[in-house]
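According to TrEMBL:
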type    : residues                                 : note
DOMAIN  : 25-344                                   : domain 'Kinesin motor'
BINDING : G94, Q95, T96, G97, S98, G99, K100, T101 : ATP binding site
COILED  : 353-380                                  : coiled coil
Amino acid sequence: MVKYHFETYARMKPLENPENPIGYNIYVEAKVLEIFVPKNESFGHVNNQKEAFQFKFTEILDQDSTQEDVFETVGKALSLSCMDGYNGTIFAYGQTGSGKTYTMSGSDTWQLRGLIPRIFTSIFNEVEQRTNLDYNVYVTFMEIYNECGYDLLDPSHAELPMENWTKIQLYEDLYGNLHLKNLSIHQVRSEQDGIDLLMMGNFIRHVSTTPMNMASSRSHCIFTIAFESRDHESEIIRTSKLHLVDLAGSERISKSHIEGKILEEAKHINLSLTYLEQVIIALHDRQKDTRTHIPYRNSLMTTILRDSLGGNCKTVLIATMNSDANQLEETLSTAKFAKRCSKLVADVSVNEQVDSNLLIQRLRQENAQLKRQLANSSEDSRLTDSPSLTLSDSELCKKQVAMFLANNSQPKLIISTLQQTYRCLQLFKEAILIKEEHYQAEIQQLQDHIQELMQRRIR
Ligand code: ADP
Ligand code: MG
């Protein structure tokens, strides 16, 4: 288990109105973003307020940062870590129009593609490199709107208004694991497969968005890449998930000038972001031992992503921020949210388990091999003891060996079984030992004889 500190990144959107920038400094070395708040009542602040607010980030991606920079800084290491078996989550948080979708999915051109397509390229390059591992990669893509979850990869949704979409159902098993019914899972075998699914989901999301419901700014999207890997040499399986979350716009309702049904929906979304914030505050309190209960169940999004927030997960927040002065309050509030997240720490570990099917297969092979070895060794000992040699076979061996030893011509042994071979060899050994004894006795006799002759001579 390793301690993981939540990472927070600021991504500054290029100015839309260059004449009206907010005042800010980026201290690159210290990774600090300093935002200046003018002492001006039109910004809704009283005069004795603080003028400069400082926010520390893991890294700050300024207005000039490219989509490639964002991938290299935020996405690359995390996606590789997920391929090693760690869970990961990237949240894009910020007000509507600040660049969440641009950061996660990207713009229409290949050059401006976002984190998700780039992560697919990196994953499948890595799958090719890791030749000792087999990978299975799966994708799900869901949208949470008005506290209901919907499958963005259900093709039938492209022809139906959102009101008629099938809702995702959530249930918990006996072990506390969450299951999502009506969410389709798609296997991805190449970079292109993954990008196609992303485009399909974004298309379905887009066609469901009418000017009346404006769902896209008030819904959360969760694109999940699930990994399963096996080492050729072992029966250990590693599984992990990478959630890529494009959150609903974080702007407060008072500024949006909306009413009626849409106001109700906006409240829902605001509420779910408020619950997200409450979960983060509660997790921070838990770290300080001042609280134990974490209110994940208050919203669908925090329920589904509870592991990403307080569990075994490397979580990253990208705070997308406008640099225009008239967006100052929202930019400040986004930076404050990121600051709260940056204090969180999680215990993370690789998710691995033994594949029981593979283990059984290997044990069966080992068992068969041992049985073969055992059969061979008992065959050997049976042959050595020659228990099954019949009396007539034994007699035949004796005769043949005797004839062979007495005869100087070519040997004519008729041996048809292994038992007979062993018996004959035994007889040869016995004959050699007898001859040896005989020679020893003869040598002894000769030595005695020589000694006697020498003594006679001396006398
Ligand atoms: P959000 O999803 O937060 O509502 P979008 O990602 O849709 O916002 O961005 C709104 C507009 O701003 C889009 O046209 C997008 O292309 C543009 N945009 C956002 N961030 C950037 C950026 N960093 N660089 C260039 N254009 C951006
Ligand atoms: Mg968006």
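Along the chain as shown, the residues are counted starting at 1.
Here the Cβ of each residue, glycine as well, is placed from N, Cα and C on the backbone.
Remember, it's a predicted structure, so these values are computed and weren't measured experimentally.
Features per TrEMBL, on structure.
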| residue | record | Cβ within 10 Å |
| --- | --- | --- |
| G94 | ATP binding site | 30 |
| Q95 | ATP binding site | 22 |
| T96 | ATP binding site | 16 |
| G97 | ATP binding site | 18 |
| S98 | ATP binding site | 27 |
| G99 | ATP binding site | 20 |
| K100 | ATP binding site | 27 |
| T101 | ATP binding site | 20 |
Among Q95, S98, G99, K100, T101, the binding-site residues whose C-beta sits under 6 Å from ligand 2: K100, T101
Other residues, Cβ within 8 Å of G94, Q95, T96, G97, S98, G99, K100, T101 Cβ centroid (ATP site): K13, A92, Y102, G249, T320, N322
Whole-number mean of pLDDT values that fall within the coiled coil (353-380): 82
